[in-house]
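Participant: After the structure tokens below, expect a handful of questions from me.
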């Protein structure tokens with residue numbers, strides 16, 4: 001011990017041991033140790049005992065805390081080393097949007113909501129971002145400047161989802177809520193509420209404009225149904241039944257022919273909405289808990305996903321050949337159009353809340369209640385190549401990628417195309433389509449964060 005501790009340190013340790021044994025009601029053991037160390041009772045009087053009382057416990061807990069900190073730092077170092085090993089040179093990152101990935105710190109942290117943020121959505125043309133919250137409001141931000149533009153009030157309970165889209169030249173904002181309604185807002189008229197769509201019998205958890213349709217909107221609800229609405233009339237034109245529990249999320253394909261939905265019944269379903277009475281085209285079974293989120297892969301990702309599935313030639317017959325789902329079972333699953341799970345991505349330590357495919361087709365991004373944002377490389381069998389460890393200070397509830405700018409898009413938005421949707425059906429977003437390297441996330445920590453190049 002003399003080789004490790006100085007004489008003074010050894011003496012302090014001995015006294016702390018005696019004080020600990022005395023406090024633990026082990027006087028005989030304390031006396032034996034005192035005798036062995038030649039410490040008389042006069043030397044180790046009550047005042048000395050008081051001084052050293054609790055010292056050993058404090059030292060012990062300090063060691064445990066330090067050990068945990070070291071383990072955390074080693075884990076963080078491993079993540080950073082992995083990111084470094086897989087990093088694209090900075091010069092290439094700036095020039096090649098197809099390879100761009102978000103990195104900390106965020107460009108902006110947007111603060112104004114008073115309760116957890118549930119959803120975000122980018123305007124298809126302008127630098128506007130909408131966020132919805134459990135505080136019953138929608139806030140419109142300028143994501144380039146990081147400034148709040150306005151607060152929209154109208155819902156009487158939590159706002160659960162928002163989306164931009166609508167008829168050509170007349171982009172609308174849709175929102176849905178726990179108050180059972182969907183509301184339409186006109187950005188060109190100071191976000192005036194132009195229509196309210198009642199009809200669901202329980203909370204409306206997701207809403208999306210259907211690309212290519214111009215005036216159709218799909219919603220998902222806790223009443224176990226999906227509904228398709230005509231925004232020009234406000235009428236429900238189709239009701240989709242099939243899920244046995246709460247329908248959590250919905251994602252339309254790029255051409256609007258298919259809709260992917262997720263549910264508390266542990267399944268996801270792909271619907272062909274071109275037929276009069278849509279039924280599930282395929283049911284995706286495999287998750288072991290509630291399926292919270294989903295995304296349909298863009299055609300740019302087909303080659304990478306086909307290789308992962310062991311298919312030599314990427315399919316080109318459908319706009320919904322591959323899909324991703326995220327669940328409370330902490331996993332992400334990749335699926336083909338036949339309902340086969342081609343890969344399970346494991347890495348999150350809590351519920352997976354949001355998914356978005358990189359417009360370039362190489363990556364899938366996810367957010368989770370573990371406070372992280374993860375990037376999965378589809379060219380490396382879905383390997384996690386980047387983790388933003390503290391993307392937020394609490395559960396991360398949503399993620400959206402800014403839509404690619406289409407050169408011939410009208411100034412007010414074009415034909416209800418959703419985030420990242422290319423102009424022509426089936427054509428992938430490319431650098432020529434001006435991929436915008438901008439991502440928004442929202443969290444229970446009341447913050448919206450903008451990650452941008």
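Numbers here mean position along the shown chain, with the first residue as 1.
Here the Cβ of each residue, glycine as well, is placed from N, Cα and C on the backbone.
The feature domain 'LisH' is assigned by Swiss-Prot to 9-41. Per Swiss-Prot, the feature coiled coil maps to 62-88; the stated evidence is sequence analysis. Sequence annotations record features per position, and here Swiss-Prot assigns region 'Disordered' to 84-107. Per Swiss-Prot, the feature repeat 'WD 1' maps to 112-153. If you look up Swiss-Prot, you'll see 155-195 marked as repeat 'WD 2'. Annotation comment: Swiss-Prot describes 199-239 as repeat 'WD 3'. Residues annotated as repeat 'WD 4' in Swiss-Prot: 242-281. Annotated repeat 'WD 5' per Swiss-Prot: 286-345, in sequence order. Per Swiss-Prot, repeat 'WD 6' is recorded for 347-386. Feature annotation from Swiss-Prot assigns repeat 'WD 7' to 391-449.
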Participant: Same chain only, please: residues at least 6 beyond the ends of the repeat 'WD 4' (242-281) with a C-beta under 8 Å from a C-beta of the stretch. Say none if there are none.
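Facilitator: Counting only partners 6 or more residues beyond its ends, the repeat 'WD 4' (242-281) has Cβ contacts under 8 Å with 202, 205-213, 216, 218-222, 224-226, 228, 287-296, 298-299, 318-320, 323, 325, 327, 335, 337, 339, 418, 421-422, 425-426.
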Participant: Please report, as numbers and ranges, the same-chain residues at least 6 past the borders of the repeat 'WD 2' (155-195) whose CB is under 8 Å from any CB of it.
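Facilitator: Long-range Cβ neighbours of the repeat 'WD 2' (155-195): 115, 118-125, 128, 130-138, 140, 201-211, 214-215, 217, 219, 229, 231-232, 234, 410, 412-418.
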Participant: How about long-range neighbours of the repeat 'WD 3' (199-239): same chain, 6 or more residues beyond its ends, C-beta under 8 Å?
Facilitator: 157, 160-168, 172, 174-178, 180-182, 184, 245-256, 259, 261, 263, 271, 273, 277-278, 415-418, 421, 425
Participant: Using DSSP, break the repeat 'WD 1' (112-153) down into helix, strand and coil residues and give each count.
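Facilitator: Split by secondary structure, the repeat 'WD 1' (112-153) comes out as 0 helix, 25 strand, 17 coil.
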Participant: Please spell out the DSSP helix, strand and coil residue counts for the domain 'LisH' (9-41).
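Facilitator: Residue counts in helix, strand and coil order: 25 helix, 0 strand, 8 coil.
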Participant: Give me the DSSP three-state residue breakdown of the repeat 'WD 4' (242-281), ordered helix, strand, coil.
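Facilitator: Going by DSSP assignments, the repeat 'WD 4' (242-281) contains 0 helix, 20 strand, 20 coil.
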